[in-house]
Amino acid sequence: MAKTVSPDAICTILANPSPESSSDLPEIVVQVLDLKPTGNRYMFTASDGKMKLKAILQSGLSSEVVSGNIQNLGLVRILDYTLNDIPTKNEKYLIVTRCEAVSPALDAEYKAEANNAEETSIVLKPKEEVDVMKMEVKNRGPGIILKPKQEIVAKSAVQIVNEQNVNMAPAARMGMNRRIYPLLSLNPYQGMWTIKVRVTSKGSVRTYKNARGEGCVFNVELTDEDGTQIQATMFNDAARKFYDKFALGKVYYISKGTLRVANKQFNTVKNDYEMNLNENSEVEEVSNEAAFIPETKYIFVPIDELGPYVNGRELVDVIGVVQSVSPTVSIRRKSNNETIPKRDITIADETKKTVVISLWNDLATTVGQELVDMADKSPVVAIKTLKVGDFQGVSLSTLSKSVVAINPEIPEAKKLRNWFDSEGKETSLASVGAGLNPTTKGGARSMYSDRVFLSHIVSNSTLGEDKPVFFSIKAYVSYIKPDQTMWYRACKTCNKKVTEAIGSGYWCEGCQKDDNECSLRYIMVVKVSDASDEAWLSVFNEEAEKILGCSADELNKLKTEEGETSYQMKLKEATWVPHLFRVSVTPHEYNNDRRQRITVRAIVPLDYAAESRYLMEEISKMKISQ
């Protein structure tokens, strides 16, 4: 085939936004413009010389870009695609699911010449645009010929096959009648779609109780052939209908669901959307369970960058060389007194830092034992979905959905192995949590790293727009408002907020139970000052106790028994005391007013010896720079 751009390629795509079969597609060759990475995928602009369309390559095609087969200004032949229409942005996105490189980079952007004056004078009205494109493409003499839409529908090969297979199993009919959409191509504005996914995680049915009543909810994590994941949620009737239907590890066709923007507070899957299935949704098991094995995708966090994730909701993937494996121990759960196995492994990476990972339950006994048997060979492990804790400064723990791969065949593992064999085994390694306060939360670092003045934070309103940023500051608590809400009633088991139960006691939404007693936990704001500026900081229980020197229950007792004067004196005693703070900064809106939220993540008293060393180092840097 000639290595040239197909005439009217973009018109062809716009006229047929969701082809039923890739085998029916005409020749579609476009030029790649503005090729750039976005996450683990690549975006570009598809051009036929006259029209352009924003496009994104499915992540499975990223290797074609990395290898150099697909290049900026080069030509690609589109073999299968989906065209997404996003009304809120008034634009279309071409999701390329299959393509092949036709030509390396051309010398310049291809521009098609108009055949005649009439062609250049065409003006498309918004509502008639697609119809005119269809007619234009059809009427081109030697060019591409498309049949009218109604003719395609009337003589669809899929319909003919469907009529011949009316007695086939439901799953088979679903698979043949509908186009299978990749998860990457879905968005909340699409209508009918069918996906083919494997259940890679299955939760239990949970009950809830709120102001609107009681109910139950159930979640599964779904993965398609490309490795893209999405969380599907079912409530009440849908949860009861599909809980037994979904089996871990099996493949299903799913349709008639809806998508919405993911709530990151309750969704740990790395997807901008989450799926809702109701009782009218269709779920059919694929008869051939080995239809595909999802590609495991990792977003590795280097060990020395784990600090900002400590005690956060975001889960991480890590890769490292195993340094040691501990024996299995039994841990008794406080919640149900059940005994579960645990095994710790220590891994290191190219940052020359180590971290301890706790393997729980089956991972401790199966994968853990396998690592014991090969520990002398220093295997490489890649672990997906880990929680970051603060034990020994920074630590990692597996969850029920965690996946451990030993010596995986991925580029990162090969690179790490080469580093370890060449220099890593002889390098001095240090724990990532060494020298850190074991109780440090969120952004664990030395209190002398990322040190800034308050003016640096309050003068920069854009800090933390993409994700929270962390700083260390030295400041004085200058004022604590006595009339603010200082604490909340909390469950003694899970520390979540409780409400007064009907009759007596307190109801905990998290534990789903009543309790006769509750505890008080601090949730307050304090004003702090340094030589450059002042700011209001949000402070929670453990950090507030260090500032005030007493628990919320003790302060409440003081206020109740000794009166308002003693209470205010206690607050005043805590002011004008220097502290080292580790803080996170994020923007938030209050009454349509955009503000900064500065939250205390850790607090320690001022160590004058360490502070003196820090100041001497800063003075030395100033001398060197001069």
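These residue numbers are counts, starting from 1, taken along the chain as shown.
Cβ from N, Cα, C; glycine included.
Bear in mind that the values here come from a model prediction, so they are computed numbers and not experimental data.
Listed features, source TrEMBL:
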- 5-103: domain 'Replication factor-A protein 1 N-terminal' (DOMAIN)
- 193-279: domain 'OB' (DOMAIN)
- 313-407: domain 'Replication protein A OB' (DOMAIN)
- 470-615: domain 'Replication factor A C-terminal' (DOMAIN)
For the domain 'Replication protein A OB' (313-407), the candidate among 5-103, 193-279, 470-615 having the most Cβ pairs under 8 Å is 193-279
If you run through the domain 'Replication factor A C-terminal' (470-615) with DSSP, how many residues end up as helix, strand and coil?
37 helix, 68 strand, 41 coil
Taking DSSP states H, G and I as helix and E and B as strand, how many residues of the domain 'Replication factor-A protein 1 N-terminal' (5-103) are helix, strand and coil?
21 helix, 48 strand, 30 coil
In the domain 'OB' (193-279), how many residues does DSSP assign to helix, to strand and to coil?
7 helix, 46 strand, 34 coil
